[in-house]
Amino acid sequence: MHMTVLAHATTEQPAWWNTAATAGGLGAFVAAYAGGLRVLGRRGRSEKLVPEHASEQAPGQAPNQVSDPAPDQAAEHASALWRGVERHGHLRVLAFAAALAALAVALLSPLETAAETYFSAHMVQHMLLIAVAAPLLAVGAPGLPLLLSLPPRLRRAVGGRLVRWRRRPPGRAFAHALAHPVTAWFLHIGVLWAWHMPAAYDATLHSEAVHVIEHLSFVLTSWLLWWHVATPGRARMRGPVAAMYLFTVLLPSAALGAVLTLAPAPLYAEQAARTEHAGADALADQQLAGLVMWVPADVLYLLAIVGLVFAWVSGHRTATPLTATPPEVIHDASP
């Protein structure tokens, strides 16, 4: 009985309360992120970001001996990160805030309610997660700033566990495989196609837990993919290589959109039943969903490709300016 009353009270919250709670949560994340950047600024020049116990000396080691170069490497890594923050700090904060806003629109707005009935609304959700929130998270690079925004004791505990796990062979091998662009490509495309198989998609409609796992996998695999090309100062690929990488991602995504658009009948029985129950045509709704994946997503990827190439060309021209040959040199060299 008490649970029923509590559930009723929760569902009766006014709309402004949910909006205010969402805005407050987004503001808290942005504030924590900005605070983490400030901590990184204070520590990035001179201090190490690994816990003190991570650099303990081995038994019998002299005080001036160093058994593990990892702490020094971490200090150098911190300095490099801070140089990136100095160059891209405002961009990163804005990108992180925009990513949270995109996540809020996808998961906390009336779009979430519409997605329960219409496949097209569900596809808009997916594209917001994959093609909007994920690249913005990659640009914002919130992992380390959010870690540094934690209380010192909790930060040392979490950071220490991460450092120790990263030094072990399984952790090192896992991190190396996860950081490879080919791994990110296969994870992203595999997850995208797998969740749009009829059995998997119907499972998300019957289980909220499966639905959450679907959205989480979309965000994480897409974030990993964009991390290779969009993180300021840390991108693994640049210029034409990054552009070709994104182009190879665009093709299988567009192919899935084409399959949904050109299918002669609805592919998802449960989704079709819900759409028809609402008085809409299930096949037309599926075709619209396919077009959402096919056209707007392709436009976003193409804009990113053009932006990457433009940034690479601009940087290349700045790094190697063309200088004209003085006329007197030409005159002296002439026969």
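Glycine too: its Cβ is placed from the backbone N, Cα and C atoms.
Pulled from TrEMBL, these are the features on record:
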- 20-40: transmembrane segment (TRANSMEM)
- 46-73: region 'Disordered' (REGION)
- 46-55: compositional bias 'Basic and acidic residues' (COMPBIAS)
- 91-108: transmembrane segment (TRANSMEM)
- 128-152: transmembrane segment (TRANSMEM)
- 173-197: transmembrane segment (TRANSMEM)
- 209-230: transmembrane segment (TRANSMEM)
- 242-268: transmembrane segment (TRANSMEM)
- 288-313: transmembrane segment (TRANSMEM)
Is the number of Cβ-Cβ pairs under 8 Å between the transmembrane segment (242-268) and the transmembrane segment (173-197) three or more, considering only pairs separated by 6 or more positions? yes
Could you give the residue numbers and ranges of same-chain residues that sit at least 6 residues beyond the transmembrane segment (209-230) on either side and whose C-beta is under 8 angstroms from one of its C-beta atoms? 103, 106-107, 125-126, 129-131, 133-135, 137-139, 141, 178, 181, 184-185, 187-188, 191-192, 195, 200, 203, 236-238, 242, 245-246, 249, 304, 308
